[in-house]
Amino acid sequence: MKNQNNILGDKNLNVQKKLDELQTKYKTTPEILSGLCSQNDPTNPEKLEKMGGSKGVAKAVQTNLQNGLPNQDLKNNLDERKFFFGENRFKEPEFKGFWGLFKDTFDDPTLKILIVSAIVSLILGVTVEDPKTGWIEGTAILIAVLIVSFVTAINDYQKEMQFRELNKIKDNITCTVIREKLNGNSDVEGEKLAISIHDIVVGDIIYLQTGSKVPADGILFYSSELKTNESAMTGETKEINKLPEEDCWMMSGTEVTQGEGKFIVTAVGKHSQWGKIMEKAKSKEDMNTPLQDKLEIMADQIGKLGLYSALLTVVVLLIKWGFKLYGRINDGQNFEFHDLVEITDAIIIGITIVVVAVPEGLPLAVTISLAYSMKKMMQDNNLVRKLESCETMGNVTTICSDKTGTLTKNEMNVVEGYFFGTKFDTQPDINNLNKKYSEILIKNISLNSKAYLHYDESKQKNKIIGSQTEGALLLLLKDKWNEDFESIRKKHENEDSIVKLISFSSKRKRMSTIIKEDNENYLVFTNGASEIILNKCSHFINDDQEDILDNQIKEDFLKGIHEMASNGLRTLCLTYRRVDSKKCDEKWLENADEIEKDLTLLSIVGIKDPVREEVPKAVRESQNAGVTVRMVTGDNIETAKHIAKECGILTEDGIAIEGFTFRKMEIEEKKKVIPNLQVLARSSPQDKYDLVTLLKEMGEVVSVTGDGTNDAPALNQAHVGLSMGITGTDVAKEASDIVILDDNFKSIVLAIMWGRSVYDNIRKFLQFQLTVNVVALVTSFLAAVSGQGIPLKAVQLLWVNLIMDTLAALALGTEPPTKDLLNRLPYKKSSSLLNGIMKRNIAAQSVFQLIVLFIILQFGGNFFGLDPLVDEDKLHLDCIVFNTFVLMQVFNEINCRKINDEANIFKGILNNFIFCGIWVGIILIQVLVVEFGGSFFSTVHLNAFEWGVSAFLGLLSIPLGFLFRLIPAKSD
């Protein structure tokens, strides 16, 4: 112990020594840096000024505002910063662990009463009955309770671990940092890298753009039109202008709604403002999903029925005991302690019936099914953020899908277009274009863009980071024309000649950049949707000169745009304008309409984004499943119609309209159009939101895809919001229910399958459990009334409870989805969990099983050569009843795999290893229970004939199930 204390003391001294060294090195502390961005602190400017502004902060944390963290010995540098300033992680909610969950299982009041009764039985058994055997029943019940609790705890633990694992993935979003390039120097700007927010450290330079979530606290030192939404911190939803000289404090957890910027990280994890809030916040209890709520209501109703049955059984047993006692007293006998044993046994039987009858496995089955499905859905590129969305996805009736990246590959390339008035059917050679205007075009593409390229060593090609449309132009510049856009950007940044950026928005459909050309002129570059930009042009470059864009030439260009769009190409206009610097005052710079007029057309490019090969099939599968697919896109209507036809979305009787037309319609007119509306082109986020709202009002269950910040309202409004994992902004992901990790429509169809699978699996389990419940309750009650004694003992019923709750929930709740699920329509909202087919199956199997058990109880003595009046033979016969009862449930579990009158109940059974393993495991345990359970389980050895009869009667459930399915019954 002394040595251990010495080791701990030495370790603490080493840690403190290291901390002191780092404090000397950085000349600041995490607490000082954390205080720079204190919420609502009027002294923030004073504290920042004291440190020397953003440059002083950069010096203190030893980073470079231009290059980011130095590349030399980067790993040790990052580890050192994490050690001293902390990691960008938050403390996870407290996890009870296995033994905590095990302890929680005993909170069930019914279980507590059963334990108390078992202890009373144990005391009476060793004091009143034969001490050698009297202890067995009470001990057996206690051990059985422990086993049930242990298995439940294991199940809860695995479920909890799965959810925690998924939450780690869900919370692990990426951000863009700037770090020094390999072999970089101070004159070259650092490289933009997409990394996990958990990997950023104090001193990192973070690049923000529209839709980014601020991953840590920091000081802004560069911005362009940057606005943030700080409602997560302040509760106020208004946008806040962020400027390096004025409001430069960036707080983690806030969102960028417009523009771009760079800031230096000053606080991460628990030291950040968001981290401090998280530390104080109490972890919320998990919310139930709608299906869990439904099942809890049903479980409550079934539990009450079980309670009444148990009370009735106990009352009948006590009345019989009372009559027997009355007869003995009349015969001159006295009340004996043995009578207490009978009373205790009656109470134990009653409580056990309640334990069996209360179907706590129903909500558990949902949790198991969801936990299993969520993990498997990850493999199918679906990250479920909200549990209930997994269920809801199965009943979706309409999908409003984006085009780019979801239906198409999002691999954009310029394939044709107009360059300086001439049409090219392929990418033109830069040497064949006018040099003077080529330089302007190259500047336009380089500077009027936020995208950048990252060379992918594994694929040996440039990868687009940011807007794929802008990236397609950069690829033309870099790969085809061999132009270095990065040097152009760097040159203008160093000269501080970039005057203003007007960001692209889905509402404006364009973006602009203003640069200072010389002392006399500014250049305006404006790019965007072809029809919109063309209408803002007054001139065009015609080979080597600037000509007036008259109506005839404009019509020719519009015809070319229409032709390219009809071939499925996205078209983009690239323009410029030279403005006298004297006109460019503050008022002019704030007026986008004044800036973006009298433009000169440089080029109209046609960008190809091929349809994903798997999408047409996935769309057909959705339609066969009763799900209407609608394309909602910002693209030109001709482009949208071409792609929609290629995908199989737009049919002959389908309607394709533009957002402008849709907006002008009255509500009732929209509702008339919507049933046949298949394409909504040139749409705004508001159009998408309105469409989703109207679809919901019309009774549809709506799923919508979105990737932009402005899509957040529609994602929130839909029953299931689907954000894009690759192109989606942080804000869109935060607003969504499921993140489609590969941005692929096929993954959405797989999500529908998984949703339907969850719902069907619960119904399968429900069908199985209710059959067991009915048979166990009726058998116990009738046996008690008939005076033959209850054949199913308390410990046996607890084993049955384990089979039908935890084990069956695992076996039936983890059935993998099949394509057959897409061959039916979605369930209606009003559909009951129990349809006509299920009710018929439950009733038929219950009647069959009750008849079998009744025959064994009444006539089994003669058939097996046993005398029920002899205690040993009665125990033997009861064991046969118990064995037959369990085997009938085991074989009926196979029947319960199907709930829609499928003829082949074995189809796909070998694909579910969990089901097969549990099914075989139950049989093996049942053999051990019967053959070796002895007094503990109230069982005896059964010979081969008795096993054969039990197995045959159990197996009969399968052919009879086939016959029962021939009886007509209503489905959903």
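Each Cβ is built from the backbone N, Cα and C atoms, and glycine gets one as well.
Curation plays no part in TrEMBL annotations; they are all automatic predictions.
In TrEMBL, the annotation transmembrane segment applies to 770-790, one of the ranges 749-769, 770-790, 875-895. Within the set 111-128, 795-812, the record from TrEMBL flags 111-128 under the feature transmembrane segment. Using a Cβ-Cβ cut-off under 8 Å and counting only residues 6 or more beyond its ends in the same chain, the transmembrane segment (949-967) has close neighbours at 837, 840-841, 844-845, 848-849, 852, 864, 880, 883-884, 886-888, 890-892, 894-895, 901, 903, 905, 942.
The DSSP breakdown of the domain 'P-type ATPase A' (190-281), given as helix, strand and coil counts, is 18 helix, 43 strand, 31 coil.
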